[in-house]
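S.K.: Below are the features listed in Swiss-Prot for this protein:
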BINDING   Gly13, Ala14, Ala15, Gly16, Gln17, Ile18, Gly19, Asn107, Gln114, Val131, Gly132, Asn133  NAD(+) binding site
BINDING   Arg94, Arg100, Asn133, Arg164  substrate binding site
ACT_SITE  His189  active site, proton acceptor
Amino acid sequence: MTNKQPVRVAVTGAAGQIGYSLLFRIAAGDMLGKDQPVILQLLEITPALKALQGVVMELRDGAYPLLADVVTSDDPLVAFKDADYALLVGAMPRKAGMERGDLLGANGGIFKPQGQALNQVASRDVKVLVVGNPANTNALIAQQNAPDLDPRQFTAMVRLDHNRAISQLAEKTGQPVSAIKNITIWGNHSSTQYPDLSQATVGGRPALDLVDRTWYEQEYIPTVAKRGAAIIEARGASSAASAASAAIDHMRDWALGTSEGEWVSMGIPSDGSYGVPEGLIYGFPVTVKDGKYQIVQGLEISEFSRGKMDATARELEEERDEIRKLGLIS
């Protein structure tokens, strides 16, 4: 067993589909390591608190040695109190006929108060991952409403796209996913994202030597970008288990570090690297050491890549301008 003090992990939307796939894995130590006890602090909207109690009963019935305690609330000031990690999963899904502005406005009503609550009561070193879509811009809303925290503490999940990109390439090349290194997802977690294979390797060989350029540009990129829609079409519901798994991967790498010589994709505040407008929450290739991420520098950007990277940046700028107009950020 462990002598480590428990850390506090806040999860919003905890009674939802992704929450249900996520909480048991956090309790089992998949996210922060098999020697790190956790206190789960679960936030839900008032009507979902009863369902959340059922999830808590199951968490307790799992008798997880690492699960030190579970707190539930419909108040972010309770759920985020002293949180070391916060996974913001709960969001307003897009409904038929909704314009992007409507969706951003509805989510602003969630992420603005959550940013303010994190600012008020979370640990000063809290690591925040926004999973709820539109994740990049929801992360920006939360971040801009938490002025006392370092902007770099707010990240958005592009790891699901990253994992999808790995698995599609593995399938195409007939190699195990473990053979694939250094794929990058640039930009927004949306259909404008750019899954970039220009630096990727498969078993040490350049990925683009192993696949056809036409397949890469015309099939691979759209397949990865539209995978979420394909899952809804097939399953009748959005991806939940794979999203939870990606959230675990993102937080584990942020907390425990990336492997030597490898990078992963994280949605993080741009510092202007690669000509991406500063301040946007944008997918970049990063390495992590001692809980701090760094953008991988010095990668060659082709004309094709530049066009894709700029297009997804433009979409994020439009979303930022929209939330500014709505008064969600200044």
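Cβ coordinates are placed from backbone N, Cα and C, and glycine is handled just like the others.
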S.K.: Should any of the recorded positions Ala15, Gln17, Gly19, His189 have a Cα within 10 Å of the Cα of Asn133 (substrate binding site), which are they?
M.R.: His189
S.K.: Validating a neighbour-count step here. Other CB atoms within 10 A of the CB of Gly13 (NAD(+) binding site): how many?
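M.R.: Neighbour count, Cβ to Cβ under the 10 Å cut-off: 23.
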S.K.: In the three-state scheme derived from DSSP, which category covers Gly132 (NAD(+) binding site)?
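M.R.: Going by the DSSP assignment, Gly132 (NAD(+) binding site) belongs to neither helix nor strand, so it counts as coil.
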S.K.: So, in DSSP terms, is His189 (active site, proton acceptor) helix, strand, or coil?
M.R.: coil
S.K.: Judged by the number of other CB atoms within 10 angstroms, which among Arg94, Arg164 is the least packed of the binding-site residues?
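M.R.: Counting other Cβ atoms within 10 Å of each of the binding-site residues Arg94, Arg164 gives the minimum at Arg94.
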S.K.: Neighbour count first, Cβ atoms within 10 Å, every protein chain included; then name which of Arg100, His189 tops the list of recorded positions.
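M.R.: Compared across Arg100, His189, the most Cβ atoms within 10 Å surround His189.
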S.K.: Please identify which of Gln17, Gln114, Asn133 has the densest Cβ environment, defined as other Cβ atoms within 10 Å, among these binding-site residues.
M.R.: Gln114
S.K.: Which of the three DSSP states, helix, strand or coil, fits Arg100 (substrate binding site)?
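M.R.: DSSP assigns Arg100 (substrate binding site) to helix.
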S.K.: Who sits close to Gly132 (NAD(+) binding site): which same-chain residues at least 6 apart have their Cβ under 8 Å from its Cβ?
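M.R.: Residues satisfying the criterion: Thr12, Gly13, Leu88, Val89, Gly90, Ala91, Met92, Asn107, Ile110, Phe111, Asn138.
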